[in-house]
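The feature Zn(2+) binding site is assigned by Swiss-Prot to Cys69, Cys71, Cys87, Cys90, with sequence analysis given as support. Taken from Swiss-Prot, the feature Mg(2+) binding site covers Asp489, Asp491, Asp493.
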Amino acid sequence: MIDQYKHQQLQIGLVSPQQIKAWANKNLPNGEVVGEVTRPSTFHYKTDKPEKDGLFCERIFGPIKSGICACGNSRASGAENEDERFCQKCGVEFVDSRIRRYQMGYIKLACPVTHVWYLKGLPSYIANLLDKPLKKLEGLVYGDFSFARPSTKKPTFLRLRGLFEEEIASCNHSISPFFSTPGFATFRNREIATGAGAIREQLADLDLRIIIENSLVEWKELEDEGYSGDEWEDRKRRIRKVFLIRRMQLAKHFIQTNVEPEWMVLCLLPVLPPELRPIVYRSGDKVVTSDINELYKRVIRRNNNLAYLLKRSELAPADLVMCQEKLVQEAVDTLLDSGSRGQPMRDGHNKVYKSLSDVIEGKEGRFRETLLGKRVDYSGRSVIVVGPSLSLHQCGLPLEIAIKLFQLFVIRDLITKRATSNVRIAKRKIWEKEPIVWEILQEVMRGHPVLLNRAPTLHRLGIQAFQPTLVEGRTISLHPLVCKGFNADFDGDQMAVHLPLSLEAQAEARLLMFSHMNLLSPAIGDPICVPTQDMLIGLYVLTIGNRRGICANRYNSCVNYPTKKVNYNMKDKEPHFSSSYDALGAYRQKLISLDSPLWLRWKLDQRVIGSREVPIEVQYESLGTYHEIYAHYLIVGNRKKEIRSIYIRTTLGHISFYRELEEAIQGFSQAYSYTI
């Protein structure tokens with residue numbers, strides 16, 4: 001369909017029976033209206049031509065050959081005279097055969113049928129709106145029981161039963177023969193509602209605005225009651241409150257989309273265009289047909305049998321009619337979702353028939369295989385790797401991908417800056433990779449975001465915007481904190497990069513899709529940018545340190561060298577550093593390793609000074625100074641028992657991790673102060 005802005009779009013939802021007829025019906029010049037499929041036939045076994053009013057009828061779905069009717073006559077396509085657009089003999093319209101890809105038909109059901117998606121889906125929309133248990137609704141739909149139709153204000157037989165229970169017990173001998181009399185059909189139609197027709201009547205009587213008001217009042221009453229102390233009652237109250245919220249949201253959605261609730265019960269069943277459910281003839285008289293055709297045949301046969309029984313309702317037993325209605329309901333359920341009734345339907349070779357749901361859903365379904373995942377212009381694809389130097393809103397694009405994506409922008413700037421005279425010379429400069437090309441490319445990329453997407457895109461965080469930067473190699477660099485939103489890791493995953501062209505698309509990417517603006521999960525509100533997988537392993541390696549404590553003995557605990565003595569000479573002693581910069585400098589000079597224990601001078605902490613912890617060892621020097629050694633820190637004092645400095649026992653990995661946290665907190669504090 002095409003919206004008001006002339007954008008092609010696909011919309012899935014409920015439609016009215018009038019809309020289904022409008023999709024299928026065609027008015028012939030003789031006044032006949034075609035569009036209803038009434039026969040389960042496909043092709044004639046002798047002529048191999050589509051059967052009239054069948055699943056491949058040319059009058060309903062259009063000609064098989066462009067401009068040629070079923071009789072073999074041809075007319076000029078697009079003739080002005082209305083009578084010349086249709087064959088006078090067979091009634092086939094002279095149009096292009098491609099109409100068979102989108103021209104629909106319909107089956108007029110002899111009884112209403114519930115749509116299995118809305119009855120048995122989770123949550124069940126029908127049960128939600130009617131505020132009734134799903135099991136009772138299923139029993140009503142499949143004829144397990146009936147309910148009294150409140151059509152009049154006078155007491156009916158079923159409602160009088162509660163008033164005269166004792167009298168009914170004495171009249172059982174006269175009630176049973178009544179159900180087999182011809183007058184029972186009239187009584188049943190007037191007093192009893194069963195099947196999907198009963199559901200349709202209840203849905204048609206609903207006032208959605210009253211449902212919203214009543215649900216809101218009940219929710220407020222439950223909210224005011226608070227907690228009773230009974231765990232079971234409180235749990236029931238919470239479940240009821242959640243149900244009321246969902247019911248209000250569903251009713252509001254029906255109102256906003258102008259959809260009537262009774263449309264969830266089908267009176268007309270749409271028939272797909274024949275090109276979407278083809279029959280293919282192969283060599284050796286082999287015929288390959290779509291499973292949808294067999295399921296449509298099953299529906300039409302059962303529906304025709306029910307229509308025949310209803311025409312002769314005076315002779316047909318009521319139980320037989322109800323049983324046939326149940327068969328029609330099950331046939332439509334199998335067509336829409338073959339697994340909805342337990343075991344799916346199988347053919348003679350024990351192969352499961354593929355229903356409409358099976359054709360649509362999954363990786364091999366119509367949407368993901370045929371409509372999604374196609375190649376588009378201004379896009380690329382590559383493996384993702386960690387970019388440790390990137391900010392959260394940045395991604396690294398390889399030179400090869402970047403120059404392809406931004407080629408037109410680079411050519412425009414080359415011509416604008418008079419670096420070249422025409423497009424051909426500009427392309428040659430790009431091909432020869434001249435230095436000016438990379439300068440202009442960086443200028444173009446500086447203000448132009450890109451979109452990164454990882455399939456499958458299951459929620460909105462599966463595609464996010466980033467500020468691109470040029471990197472060497474052929475892989476896309478990504479900040480590890482954004483991996484959870486994409487459900488990605490760095491074990492060979494690939495991601496697609498797209499370039500938004502219009503100003504509207506770029507503005508949307510900057511305002512709504514940038515990664516640093518999507519820090520919380522849109523579903524539950526929990527933080528989505530949290531360390532996972534590779535980042536957790538890196539933090540573990542960074543902070544694991546040397547497990548040998550300060551009180552370790554002089555023998556190495558390594559399994560491979562259980563008796564090797566540790567050499568405690570001057571070189572192997574734990575070094576002392578006055579600042580973290582000195583420790584980092586020693587690491588760059590390869591004087592210490594990442595997990596080597598060291599002593600780092602720390603600010604005087606009153607919690608340490610006032611601690612009552614007993615030192616492990618006290619070392620005195622010749623000048624009167626002393627060192628009090630504890631498990632995780634060291635105090636240096638002078639001869640006057642004054643504390644001169646404190647050293648903590650740590651590793652370079654812990655120092656690096658602490659510095660990163662400190663810088664992040666300072667940056668957040670500055671940003672928060674600017675907003676205030």
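The backbone N, Cα and C atoms fix where each Cβ goes, and this holds for glycine too.
Candidate binding-site residues: Asp489, Asp491, Asp493. Nearest to Cys87 (Zn(2+) binding site) by Cα distance: Asp493. Here Cys90 (Zn(2+) binding site) is compared against the binding-site residues Asp489, Asp491, Asp493, and the shortest C-alpha distance is to Asp493. Note: the CA-CA distance between Cys69 (Zn(2+) binding site) and Asp491 (Mg(2+) binding site) rounds to 58 Å.
Rounded to a whole number, the C-alpha distance linking Asp489 (Mg(2+) binding site) with Cys71 (Zn(2+) binding site) is 62 angstrom. In this structure, the CA atom of Cys71 (Zn(2+) binding site) is 57 Å away from the CA atom of Asp493 (Mg(2+) binding site). Report note: the Mg(2+) site is defined by Asp489, Asp491, Asp493, and the residues of the same chain whose CB lies within 8 Å of the CB centroid of those residues, excluding them, are Ile384, Ala488, Phe490, Gly492. Other Cβ atoms within 10 Å of the Cβ of Cys87 (Zn(2+) binding site), summed over all protein chains shown, number 23. A sphere of 10 angstroms centred on the C-beta of Cys90 (Zn(2+) binding site) encloses 15 other C-beta atoms. Highlighted in sequence order, Glu58, Ala70, Gly72, Asn73, Gln88, Lys89, Gly91, Val92 have their Cβ within 8 Å of the centre of the Cβ atoms of Cys69, Cys71, Cys87, Cys90, the residues recorded for Zn(2+), and are not part of that set.
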